[in-house]
Amino acid sequence: MKYGVLFMVSCGVMFLILSHVEEVEAMKKFGCNTTHPFPGKCGNNGKSSWVSDMKKLPSAPKNRDIRCECSDRPSLARGMPGERVCRCDYDC
């Protein structure tokens with residue numbers, strides 16, 4: 001009985017260690033990020049438009065994998081259009 005419990009605990013510890021290594025490697029892949037506001041709303045075709053808008057910026061990486069998220073920001077003044085804020089992660 002003691003050996004069975006010891007085996008189960010050691011398997012659990014190894015699982016935790018191995019899963020942490022995978023998270024560190026994933027963070028290394030998309031380690032850099034940038035945030036930029038754009039006019040308009042996010043829309044339905046969000047991901048493709050965000051990535052293309054970000055790649056048009058001179059400071060954005062051109063030939064790298066990029067992941068973007070978009071959120072709408074309401075306008076602060078009446079009559080002014082709202083904007084969308086894109087936060088993108090890319091490989092350094």
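Using the three backbone atoms N, Cα and C, a Cβ is placed for every residue, glycine included.
Given the structure is predicted, the values throughout are model-derived calculations rather than measurements.
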If you follow Swiss-Prot, the disulfide involving CYS70 connects it to which of the following: CYS42, CYS88, CYS92?
CYS42
Scan CYS11, CYS32 and flag the one Swiss-Prot records as disulfide-linked to CYS92.
CYS32
In the structure shown, which of the disulfide-bonded residues CYS42, CYS92 has the fewest other Cβ atoms within 10 Å?
CYS92
Quick one: among the disulfide-bonded residues CYS32, CYS70, CYS88, which has the most Cβ atoms sitting within 10 Å of its own Cβ?
CYS88
